[in-house]
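Report on the structure given below.
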Amino acid sequence: MRQADKMSDRVEKLMLDLFDIEAVKFGDFTLKSGIQSPIYFDLRVIVSYPVIMNEVAELLWETTKTSGAKFATVCGVPYTALPLATLMSAHHDVPMLIRRKEAKDYGTKKMIEGKFEPGSSCLIVEDVVTSGSSVKETAESLESVGLVVTDAVVLLDREQGGKQKLREAGIALQSICGTSQLLRILRKHEKIPESVAEQVRDFVRNNTFPPSQEPPVKKSRKILSYRERGDLCQHPVAKQLFGIMESKKSNLAVSADLCTTAQILKLADEVGPHICMLKTHVDIISDFSAEFVQSLTELANRHEFLIFEDRKFADIGSTVQHQYRDGLFQIADWAHLINAHSLPGAGVLEGLKQVGLGKQRACLLIAEMSSQGNLATGEYTKATVKMAEEHQDFVVGFISQSQLSDNPAFIHMTPGVQLSGLGDGLGQQYVSPWDAVVTRRADVIIVGRGVYKDPDPATAAQSYQTAAFQAYQHRLTN
Ligand code: S5P
(Lines of atoms letter the chains of each structure in order from A and count residues from 1; the text may use other names and numbers.)
(Lines give C-alpha, C1' and ligand atoms only; values in the text may rest on other atoms or scores of the structure.)
Protein backbone atom coordinates (compact mmCIF):
# COMPACT_ATOMS: atom_id res chain seq x y z
CA MET A 1 0.00 0.00 0.00
CA ARG A 2 1.25 3.52 -0.75
CA GLN A 3 2.40 5.68 2.13
CA ALA A 4 -0.42 8.20 1.56
CA ASP A 5 -3.11 5.52 1.62
CA LYS A 6 -1.68 3.99 4.74
CA MET A 7 -1.73 7.33 6.47
CA SER A 8 -5.33 8.15 5.55
CA ASP A 9 -6.44 4.64 6.52
CA ARG A 10 -4.75 5.06 9.87
CA VAL A 11 -6.37 8.45 10.44
CA GLU A 12 -9.75 6.93 9.56
CA LYS A 13 -9.24 4.07 12.00
CA LEU A 14 -8.05 6.42 14.73
CA MET A 15 -11.12 8.64 14.36
CA LEU A 16 -13.38 5.59 14.67
CA ASP A 17 -11.46 4.49 17.77
CA LEU A 18 -11.78 7.96 19.30
CA PHE A 19 -15.51 7.83 18.67
CA ASP A 20 -15.76 4.37 20.27
CA ILE A 21 -13.91 5.40 23.44
CA GLU A 22 -16.03 8.58 23.63
CA ALA A 23 -13.12 10.93 23.17
CA VAL A 24 -15.39 12.47 20.52
CA LYS A 25 -18.96 13.01 21.65
CA PHE A 26 -22.11 14.42 20.11
CA GLY A 27 -24.94 16.00 22.09
CA ASP A 28 -25.45 19.29 23.86
CA PHE A 29 -22.36 20.52 25.69
CA THR A 30 -21.50 23.75 27.42
CA LEU A 31 -17.95 24.75 26.55
CA LYS A 32 -15.54 26.60 28.86
CA SER A 33 -16.53 29.78 27.04
CA GLY A 34 -20.20 29.21 27.96
CA ILE A 35 -21.12 28.45 24.34
CA GLN A 36 -23.41 25.47 23.65
CA SER A 37 -21.73 22.99 21.30
CA PRO A 38 -23.15 19.89 19.54
CA ILE A 39 -19.68 18.26 19.56
CA TYR A 40 -17.21 17.73 22.35
CA PHE A 41 -13.66 16.40 22.33
CA ASP A 42 -12.49 14.86 25.56
CA LEU A 43 -9.05 13.59 24.72
CA ARG A 44 -8.08 13.16 28.38
CA VAL A 45 -9.53 9.65 28.25
CA ILE A 46 -6.87 8.41 25.85
CA VAL A 47 -4.40 7.81 28.70
CA SER A 48 -6.55 4.78 29.52
CA TYR A 49 -5.98 3.36 26.02
CA PRO A 50 -2.23 2.93 25.49
CA VAL A 51 -2.51 1.51 21.97
CA ILE A 52 -4.57 4.48 20.84
CA MET A 53 -2.31 6.91 22.64
CA ASN A 54 0.71 5.45 20.93
CA GLU A 55 -0.96 5.70 17.54
CA VAL A 56 -1.88 9.35 18.17
CA ALA A 57 1.75 10.10 19.07
CA GLU A 58 3.01 8.32 15.95
CA LEU A 59 0.56 10.13 13.67
CA LEU A 60 1.47 13.46 15.27
CA TRP A 61 5.10 12.67 14.56
CA GLU A 62 4.47 11.67 10.96
CA THR A 63 2.26 14.70 10.34
CA THR A 64 5.03 16.94 11.60
CA LYS A 65 7.70 15.23 9.56
CA THR A 66 5.56 15.45 6.42
CA SER A 67 5.22 19.21 6.91
CA GLY A 68 9.00 19.58 6.89
CA ALA A 69 9.07 21.33 10.28
CA LYS A 70 12.51 21.46 11.91
CA PHE A 71 12.85 21.45 15.69
CA ALA A 72 15.35 20.57 18.41
CA THR A 73 12.84 19.88 21.21
CA VAL A 74 9.15 19.10 21.70
CA CYS A 75 6.79 20.51 24.30
CA GLY A 76 3.24 19.34 24.99
CA VAL A 77 0.59 21.86 26.03
CA PRO A 78 -0.36 20.82 29.60
CA TYR A 79 -1.98 18.50 30.42
CA THR A 80 -3.57 16.24 27.82
CA ALA A 81 -0.75 16.62 25.30
CA LEU A 82 2.01 15.97 27.85
CA PRO A 83 2.00 12.17 27.48
CA LEU A 84 1.73 12.56 23.70
CA ALA A 85 4.84 14.73 23.60
CA THR A 86 6.55 12.27 25.94
CA LEU A 87 5.92 9.37 23.57
CA MET A 88 7.10 11.39 20.56
CA SER A 89 10.23 12.36 22.45
CA ALA A 90 11.03 8.86 23.70
CA HIS A 91 10.29 7.03 20.44
CA HIS A 92 12.12 9.44 18.18
CA ASP A 93 14.94 10.47 20.44
CA VAL A 94 14.15 14.16 20.46
CA PRO A 95 14.50 15.94 23.82
CA MET A 96 11.38 17.19 25.56
CA LEU A 97 10.60 20.32 27.54
CA ILE A 98 7.84 20.72 30.11
CA ARG A 99 5.98 23.94 30.53
CA ARG A 100 4.80 24.52 34.09
CA LYS A 101 1.23 25.61 34.11
CA GLU A 102 1.33 26.85 37.68
CA ALA A 103 4.62 28.79 37.43
CA LYS A 104 2.89 32.11 37.77
CA ASP A 105 1.73 31.18 41.28
CA TYR A 106 5.21 30.34 42.41
CA GLY A 107 7.01 33.38 41.04
CA THR A 108 10.57 32.11 41.36
CA LYS A 109 10.02 28.66 39.91
CA LYS A 110 11.28 27.88 36.44
CA MET A 111 8.54 28.11 33.84
CA ILE A 112 10.22 25.66 31.42
CA GLU A 113 11.79 22.47 32.69
CA GLY A 114 14.45 20.66 30.69
CA LYS A 115 17.67 21.57 28.94
CA PHE A 116 17.82 23.72 25.84
CA GLU A 117 20.04 26.09 23.93
CA PRO A 118 18.68 29.64 23.72
CA GLY A 119 17.73 30.30 20.10
CA SER A 120 16.92 26.64 19.42
CA SER A 121 13.51 25.61 18.10
CA CYS A 122 10.70 23.82 19.88
CA LEU A 123 7.68 22.05 18.40
CA ILE A 124 4.44 22.48 20.33
CA VAL A 125 2.18 19.43 20.64
CA GLU A 126 -1.52 19.83 21.41
CA ASP A 127 -4.60 17.59 21.51
CA VAL A 128 -7.32 19.96 20.25
CA VAL A 129 -7.12 23.46 18.79
CA THR A 130 -10.14 25.74 18.89
CA SER A 131 -9.01 29.38 18.91
CA GLY A 132 -5.33 28.52 19.22
CA SER A 133 -4.98 30.40 22.51
CA SER A 134 -3.44 27.49 24.51
CA VAL A 135 -0.81 26.91 21.84
CA LYS A 136 -0.13 30.64 21.79
CA GLU A 137 0.25 30.79 25.56
CA THR A 138 2.68 27.87 25.50
CA ALA A 139 4.62 29.53 22.67
CA GLU A 140 4.85 32.73 24.70
CA SER A 141 6.25 30.83 27.70
CA LEU A 142 8.81 29.08 25.52
CA GLU A 143 9.77 32.30 23.76
CA SER A 144 10.14 34.11 27.09
CA VAL A 145 13.15 31.89 27.84
CA GLY A 146 14.72 32.36 24.40
CA LEU A 147 13.29 29.40 22.48
CA VAL A 148 11.99 29.79 18.93
CA VAL A 149 8.52 28.45 18.05
CA THR A 150 7.50 28.22 14.41
CA ASP A 151 5.49 24.99 14.32
CA ALA A 152 2.77 23.22 16.25
CA VAL A 153 1.01 19.92 15.69
CA VAL A 154 -2.43 18.95 16.90
CA LEU A 155 -4.55 15.82 16.88
CA LEU A 156 -7.84 17.56 16.10
CA ASP A 157 -8.39 21.01 14.61
CA ARG A 158 -11.93 22.17 15.34
CA GLU A 159 -11.55 24.43 12.26
CA GLN A 160 -12.89 27.46 14.07
CA GLY A 161 -10.15 29.83 12.99
CA GLY A 162 -7.35 28.69 15.33
CA LYS A 163 -5.02 27.79 12.48
CA GLN A 164 -5.43 31.25 10.97
CA LYS A 165 -4.85 32.95 14.31
CA LEU A 166 -1.72 30.94 14.94
CA ARG A 167 -0.44 31.72 11.47
CA GLU A 168 -0.84 35.41 12.31
CA ALA A 169 1.29 34.73 15.37
CA GLY A 170 3.95 33.13 13.14
CA ILE A 171 3.14 29.52 14.05
CA ALA A 172 2.31 26.99 11.32
CA LEU A 173 -0.21 24.48 12.66
CA GLN A 174 -0.48 20.96 11.24
CA SER A 175 -3.30 18.67 12.27
CA ILE A 176 -3.92 14.94 11.99
CA CYS A 177 -7.59 15.60 11.33
CA GLY A 178 -10.09 18.46 11.24
CA THR A 179 -13.75 18.51 12.21
CA SER A 180 -14.92 18.32 8.60
CA GLN A 181 -12.82 15.23 7.85
CA LEU A 182 -13.89 13.66 11.14
CA LEU A 183 -17.54 14.17 10.20
CA ARG A 184 -16.97 12.67 6.77
CA ILE A 185 -15.35 9.58 8.31
CA LEU A 186 -18.09 9.11 10.89
CA ARG A 187 -20.75 9.57 8.23
CA LYS A 188 -19.01 7.11 5.92
CA HIS A 189 -19.22 4.49 8.66
CA GLU A 190 -22.72 5.59 9.63
CA LYS A 191 -21.70 6.34 13.18
CA ILE A 192 -23.76 9.54 13.24
CA PRO A 193 -26.82 10.64 11.25
CA GLU A 194 -26.45 13.35 8.59
CA SER A 195 -28.61 15.69 10.73
CA VAL A 196 -25.99 15.61 13.50
CA ALA A 197 -23.13 16.16 11.03
CA GLU A 198 -25.00 19.14 9.58
CA GLN A 199 -25.66 20.55 13.05
CA VAL A 200 -21.92 20.40 13.80
CA ARG A 201 -21.03 21.98 10.44
CA ASP A 202 -23.50 24.80 11.23
CA PHE A 203 -21.97 25.23 14.65
CA VAL A 204 -18.43 25.46 13.25
CA ARG A 205 -19.62 27.90 10.57
CA ASN A 206 -21.25 30.16 13.13
CA ASN A 207 -18.52 29.94 15.74
CA THR A 208 -15.37 30.68 13.83
CA PHE A 209 -12.94 32.93 15.65
CA PRO A 210 -12.18 35.97 13.56
CA PRO A 211 -8.51 36.64 12.90
CA SER A 212 -7.27 39.11 15.51
CA GLN A 213 -4.95 42.13 15.61
CA GLU A 214 -5.14 42.55 11.91
CA PRO A 215 -3.27 45.41 10.31
CA PRO A 216 -5.63 47.68 8.34
CA VAL A 217 -4.79 46.04 5.02
CA LYS A 218 -6.00 42.70 6.38
CA LYS A 219 -9.30 44.19 7.47
CA SER A 220 -9.89 45.58 4.02
CA ARG A 221 -8.96 42.15 2.52
CA LYS A 222 -11.70 40.59 4.61
CA ILE A 223 -14.53 42.80 3.56
CA LEU A 224 -13.62 43.64 -0.03
CA SER A 225 -15.88 42.09 -2.63
CA TYR A 226 -14.52 40.52 -5.81
CA ARG A 227 -15.67 43.64 -7.66
CA GLU A 228 -13.77 45.94 -5.33
CA ARG A 229 -10.67 43.81 -5.60
CA GLY A 230 -10.99 43.84 -9.39
CA ASP A 231 -11.02 47.64 -9.24
CA LEU A 232 -7.94 47.63 -7.06
CA CYS A 233 -5.75 45.29 -9.06
CA GLN A 234 -3.63 46.33 -12.00
CA HIS A 235 -3.35 43.21 -14.13
CA PRO A 236 -5.99 43.01 -16.90
CA VAL A 237 -6.45 39.23 -16.51
CA ALA A 238 -7.00 39.50 -12.74
CA LYS A 239 -9.41 42.38 -13.32
CA GLN A 240 -11.31 40.34 -15.90
CA LEU A 241 -11.46 37.29 -13.62
CA PHE A 242 -12.77 39.26 -10.64
CA GLY A 243 -15.35 40.85 -12.96
CA ILE A 244 -16.55 37.46 -14.21
CA MET A 245 -16.69 36.05 -10.68
CA GLU A 246 -18.85 38.94 -9.56
CA SER A 247 -21.17 39.06 -12.56
CA LYS A 248 -21.67 35.28 -12.91
CA LYS A 249 -21.72 34.77 -9.15
CA SER A 250 -19.19 32.05 -9.58
CA ASN A 251 -15.90 31.37 -7.86
CA LEU A 252 -15.78 27.89 -9.35
CA ALA A 253 -13.09 26.68 -11.74
CA VAL A 254 -13.67 23.30 -13.32
CA SER A 255 -10.66 21.17 -14.10
CA ALA A 256 -11.34 19.43 -17.42
CA ASP A 257 -8.89 16.57 -16.96
CA LEU A 258 -10.22 14.63 -19.92
CA CYS A 259 -8.22 13.04 -22.71
CA THR A 260 -10.10 13.94 -25.90
CA THR A 261 -11.01 17.30 -27.35
CA ALA A 262 -14.64 16.22 -27.86
CA GLN A 263 -15.02 15.37 -24.16
CA ILE A 264 -13.47 18.65 -23.07
CA LEU A 265 -15.57 20.78 -25.42
CA LYS A 266 -18.75 18.98 -24.34
CA LEU A 267 -17.89 19.52 -20.68
CA ALA A 268 -16.95 23.18 -21.27
CA ASP A 269 -20.29 23.80 -22.94
CA GLU A 270 -22.24 22.06 -20.18
CA VAL A 271 -20.51 23.66 -17.21
CA GLY A 272 -19.74 26.97 -18.95
CA PRO A 273 -22.66 28.92 -17.42
CA HIS A 274 -21.52 27.99 -13.90
CA ILE A 275 -17.80 28.64 -13.95
CA CYS A 276 -15.40 31.56 -13.92
CA MET A 277 -12.57 29.49 -15.31
CA LEU A 278 -11.88 26.22 -17.10
CA LYS A 279 -8.62 24.50 -16.30
CA THR A 280 -6.91 22.21 -18.80
CA HIS A 281 -3.99 19.76 -18.83
CA VAL A 282 -3.27 20.07 -22.50
CA ASP A 283 -0.59 17.37 -22.52
CA ILE A 284 -3.09 14.63 -21.67
CA ILE A 285 -5.19 15.28 -24.78
CA SER A 286 -4.75 12.63 -27.49
CA ASP A 287 -6.13 14.66 -30.44
CA PHE A 288 -5.08 18.23 -29.73
CA SER A 289 -5.51 20.60 -32.69
CA ALA A 290 -5.77 24.25 -33.63
CA GLU A 291 -9.52 23.72 -34.19
CA PHE A 292 -9.87 22.59 -30.59
CA VAL A 293 -8.25 25.80 -29.38
CA GLN A 294 -10.58 27.82 -31.58
CA SER A 295 -13.69 25.99 -30.33
CA LEU A 296 -12.61 26.26 -26.71
CA THR A 297 -11.94 29.98 -27.11
CA GLU A 298 -15.38 30.42 -28.66
CA LEU A 299 -16.98 28.62 -25.73
CA ALA A 300 -14.95 30.74 -23.29
CA ASN A 301 -16.24 33.89 -24.99
CA ARG A 302 -19.82 32.65 -25.21
CA HIS A 303 -20.05 31.50 -21.59
CA GLU A 304 -17.63 34.10 -20.24
CA PHE A 305 -14.93 32.10 -18.56
CA LEU A 306 -11.14 32.25 -18.64
CA ILE A 307 -8.88 29.40 -19.72
CA PHE A 308 -6.17 28.25 -17.33
CA GLU A 309 -3.59 25.78 -18.64
CA ASP A 310 -2.29 23.89 -15.63
CA ARG A 311 1.14 23.25 -17.18
CA LYS A 312 3.08 23.75 -13.91
CA PHE A 313 6.23 25.09 -15.55
CA ALA A 314 9.29 24.15 -13.53
CA ASP A 315 12.46 24.57 -15.55
CA ILE A 316 15.06 27.24 -16.29
CA GLY A 317 13.77 30.44 -17.90
CA SER A 318 15.00 29.63 -21.39
CA THR A 319 13.32 26.20 -21.48
CA VAL A 320 9.98 27.30 -20.06
CA GLN A 321 9.88 30.07 -22.64
CA HIS A 322 9.85 27.43 -25.37
CA GLN A 323 7.40 25.23 -23.49
CA TYR A 324 5.05 28.19 -23.13
CA ARG A 325 5.35 29.67 -26.63
CA ASP A 326 6.36 26.84 -28.98
CA GLY A 327 5.81 23.16 -29.65
CA LEU A 328 2.57 21.45 -30.42
CA PHE A 329 0.47 23.38 -27.94
CA GLN A 330 1.60 27.02 -28.23
CA ILE A 331 0.03 27.61 -24.85
CA ALA A 332 0.71 31.35 -24.74
CA ASP A 333 -1.60 31.88 -27.71
CA TRP A 334 -4.75 30.70 -26.00
CA ALA A 335 -4.40 30.27 -22.21
CA HIS A 336 -5.28 33.41 -20.24
CA LEU A 337 -3.56 31.92 -17.23
CA ILE A 338 -0.78 29.46 -16.61
CA ASN A 339 0.98 28.35 -13.45
CA ALA A 340 4.56 27.74 -12.42
CA HIS A 341 6.51 26.17 -9.61
CA SER A 342 8.81 28.55 -7.78
CA LEU A 343 11.38 25.76 -7.37
CA PRO A 344 13.76 26.89 -10.18
CA GLY A 345 13.93 30.45 -8.79
CA ALA A 346 12.86 33.75 -10.33
CA GLY A 347 14.26 32.77 -13.75
CA VAL A 348 11.18 30.66 -14.43
CA LEU A 349 9.04 33.79 -14.14
CA GLU A 350 11.45 35.98 -16.09
CA GLY A 351 11.35 33.48 -18.94
CA LEU A 352 7.58 33.07 -18.96
CA LYS A 353 7.01 36.76 -18.54
CA GLN A 354 8.91 37.65 -21.70
CA VAL A 355 6.44 35.54 -23.65
CA GLY A 356 3.28 36.23 -21.70
CA LEU A 357 3.30 39.93 -20.97
CA GLY A 358 3.02 41.08 -24.58
CA LYS A 359 -0.06 38.89 -24.90
CA GLN A 360 -1.62 40.11 -21.67
CA ARG A 361 -1.27 36.73 -20.02
CA ALA A 362 -1.01 36.02 -16.30
CA CYS A 363 0.61 33.43 -14.07
CA LEU A 364 -0.19 31.77 -10.75
CA LEU A 365 2.58 30.51 -8.51
CA ILE A 366 2.18 27.12 -6.86
CA ALA A 367 2.78 27.95 -3.22
CA GLU A 368 1.11 24.95 -1.57
CA MET A 369 -0.22 21.67 -2.90
CA SER A 370 -3.17 19.49 -2.02
CA SER A 371 -1.34 16.18 -2.24
CA GLN A 372 -0.29 14.28 0.84
CA GLY A 373 3.38 14.58 1.77
CA ASN A 374 4.11 17.40 -0.71
CA LEU A 375 7.14 19.54 0.00
CA ALA A 376 5.62 22.95 -0.78
CA THR A 377 5.42 24.02 2.86
CA GLY A 378 7.04 26.36 5.39
CA GLU A 379 9.99 28.34 4.06
CA TYR A 380 9.32 27.21 0.48
CA THR A 381 5.81 28.65 0.63
CA LYS A 382 7.06 31.88 2.20
CA ALA A 383 9.74 32.28 -0.48
CA THR A 384 7.10 31.66 -3.15
CA VAL A 385 4.92 34.46 -1.79
CA LYS A 386 7.93 36.78 -1.82
CA MET A 387 8.65 35.84 -5.43
CA ALA A 388 5.05 36.65 -6.37
CA GLU A 389 5.29 40.01 -4.65
CA GLU A 390 8.36 40.82 -6.70
CA HIS A 391 6.64 39.92 -10.01
CA GLN A 392 3.22 41.47 -9.67
CA ASP A 393 3.22 42.58 -13.30
CA PHE A 394 2.78 38.90 -14.25
CA VAL A 395 1.86 36.89 -11.15
CA VAL A 396 -1.77 37.43 -10.16
CA GLY A 397 -2.06 34.89 -7.36
CA PHE A 398 -1.41 31.46 -6.00
CA ILE A 399 -2.38 27.85 -6.20
CA SER A 400 -2.57 27.23 -2.47
CA GLN A 401 -4.39 25.51 0.33
CA SER A 402 -4.82 28.66 2.41
CA GLN A 403 -4.69 32.44 2.21
CA LEU A 404 -1.04 33.37 2.03
CA SER A 405 -1.05 37.07 1.24
CA ASP A 406 -3.09 40.06 2.41
CA ASN A 407 -2.62 41.84 -0.88
CA PRO A 408 -6.20 42.10 -2.23
CA ALA A 409 -4.93 41.88 -5.80
CA PHE A 410 -3.64 38.33 -5.32
CA ILE A 411 -6.16 35.59 -6.10
CA HIS A 412 -5.90 32.37 -4.09
CA MET A 413 -7.07 29.27 -5.97
CA THR A 414 -7.52 26.01 -4.10
CA PRO A 415 -7.64 22.57 -5.74
CA GLY A 416 -8.44 19.35 -3.88
CA VAL A 417 -12.11 20.21 -3.37
CA GLN A 418 -15.04 17.81 -3.32
CA LEU A 419 -18.46 17.83 -1.73
CA SER A 420 -17.93 14.23 -0.62
CA GLY A 421 -14.75 12.21 -0.60
CA LEU A 422 -11.55 12.31 1.42
CA GLY A 423 -8.99 11.42 -1.21
CA ASP A 424 -8.35 9.42 -4.35
CA GLY A 425 -5.95 6.73 -3.16
CA LEU A 426 -3.12 8.48 -5.03
CA GLY A 427 -2.35 11.15 -2.48
CA GLN A 428 -5.01 13.71 -3.42
CA GLN A 429 -6.70 15.16 -0.32
CA TYR A 430 -10.07 16.85 -0.45
CA VAL A 431 -11.76 19.57 1.54
CA SER A 432 -15.32 20.81 1.08
CA PRO A 433 -16.12 24.06 -0.80
CA TRP A 434 -17.05 25.61 2.56
CA ASP A 435 -13.72 24.65 4.14
CA ALA A 436 -11.80 25.88 1.13
CA VAL A 437 -13.52 29.28 1.00
CA VAL A 438 -14.36 30.03 4.65
CA THR A 439 -11.72 28.17 6.64
CA ARG A 440 -8.86 28.32 4.17
CA ARG A 441 -9.92 31.61 2.55
CA ALA A 442 -9.70 30.53 -1.05
CA ASP A 443 -11.03 32.96 -3.65
CA VAL A 444 -11.56 30.29 -6.30
CA ILE A 445 -12.14 26.57 -5.82
CA ILE A 446 -10.85 24.15 -8.45
CA VAL A 447 -12.93 21.01 -8.90
CA GLY A 448 -12.11 18.19 -11.31
CA ARG A 449 -13.57 14.75 -10.73
CA GLY A 450 -16.30 16.12 -8.45
CA VAL A 451 -17.79 17.64 -11.62
CA TYR A 452 -16.60 15.80 -14.73
CA LYS A 453 -17.08 12.32 -13.27
CA ASP A 454 -20.62 13.16 -12.23
CA PRO A 455 -23.26 11.68 -14.54
CA ASP A 456 -24.72 15.19 -14.78
CA PRO A 457 -21.75 17.61 -14.84
CA ALA A 458 -23.91 20.72 -15.36
CA THR A 459 -25.95 20.07 -12.22
CA ALA A 460 -22.83 19.10 -10.29
CA ALA A 461 -21.12 22.33 -11.39
CA GLN A 462 -24.18 24.28 -10.28
CA SER A 463 -24.02 22.66 -6.83
CA TYR A 464 -20.34 23.55 -6.45
CA GLN A 465 -20.99 27.05 -7.76
CA THR A 466 -23.74 27.62 -5.20
CA ALA A 467 -21.77 26.12 -2.32
CA ALA A 468 -18.61 28.11 -3.05
CA PHE A 469 -20.38 31.39 -3.75
CA GLN A 470 -22.50 31.13 -0.61
CA ALA A 471 -19.32 30.51 1.34
CA TYR A 472 -17.81 33.66 -0.19
CA GLN A 473 -20.92 35.67 0.70
CA HIS A 474 -20.72 34.36 4.26
CA ARG A 475 -17.10 35.54 4.42
CA LEU A 476 -18.10 38.96 3.15
CA THR A 477 -20.70 39.47 5.82
CA ASN A 478 -19.01 37.82 8.78
O1 S5P B 1 -1.94 21.12 -5.41
C2 S5P B 1 -2.57 20.89 -6.44
C3 S5P B 1 -2.43 21.68 -7.57
C4 S5P B 1 -3.23 21.43 -8.68
S5 S5P B 1 -3.19 22.53 -9.97
N6 S5P B 1 -3.48 19.88 -6.46
C7 S5P B 1 -4.24 19.61 -7.55
O8 S5P B 1 -5.06 18.68 -7.48
N9 S5P B 1 -4.10 20.35 -8.70
C10 S5P B 1 -4.86 20.04 -9.92
O11 S5P B 1 -6.24 20.22 -9.64
C12 S5P B 1 -4.73 18.61 -10.42
O13 S5P B 1 -3.69 18.49 -11.38
C14 S5P B 1 -6.07 18.33 -11.03
O15 S5P B 1 -6.08 18.77 -12.37
C16 S5P B 1 -7.04 19.19 -10.24
C17 S5P B 1 -7.78 18.46 -9.15
O18 S5P B 1 -8.60 17.46 -9.67
P19 S5P B 1 -9.62 16.60 -8.78
O20 S5P B 1 -10.19 15.63 -9.77
O21 S5P B 1 -8.83 15.92 -7.71
O22 S5P B 1 -10.64 17.58 -8.26
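Each residue, glycine too, has its Cβ placed from N, Cα and C.
The record from TrEMBL ties Asp257, Lys279, Ser370, Gly448, Arg449 to substrate, and of the options Gln234, Gln392, Gln428, Gln470 it ties Gln428 to that site too. Taking CA atoms as the reference points, Asp310 (active site, for OMPdecase activity) and Arg449 (substrate binding site) are 15 Å apart. Sequence-ordered, the extra residues of this chain that approach the substrate site, with Cβ no more than 8 Å from the Cβ center of Asp257, Lys279, Ser370, Gln428, Gly448, Arg449, are Ser255, Pro415, Gly416, Ile446, Val447. Of all the active-site residues listed (Asp310, Asp315), Asp310 sits in the most crowded Cβ setting, with the most other Cβ atoms within 10 Å. The maximum pairwise C-alpha distance among Asp257, Lys279, Ser370, Gln428, Gly448, Arg449, the residues recorded as binding substrate, is 17 Å. Cα-Cα distance from Lys279 (substrate binding site) to Lys312 (active site, for OMPdecase activity): 12 Å (rounded to the nearest whole number).
Between the C-alpha atoms of Gln428 (substrate binding site) and Asp315 (active site, for OMPdecase activity), the distance comes to 24 Å. With every protein chain in view, the residue among the recorded positions Lys279, Lys312, Arg449 whose Cβ has the most Cβ partners within 10 Å turns out to be Lys279.
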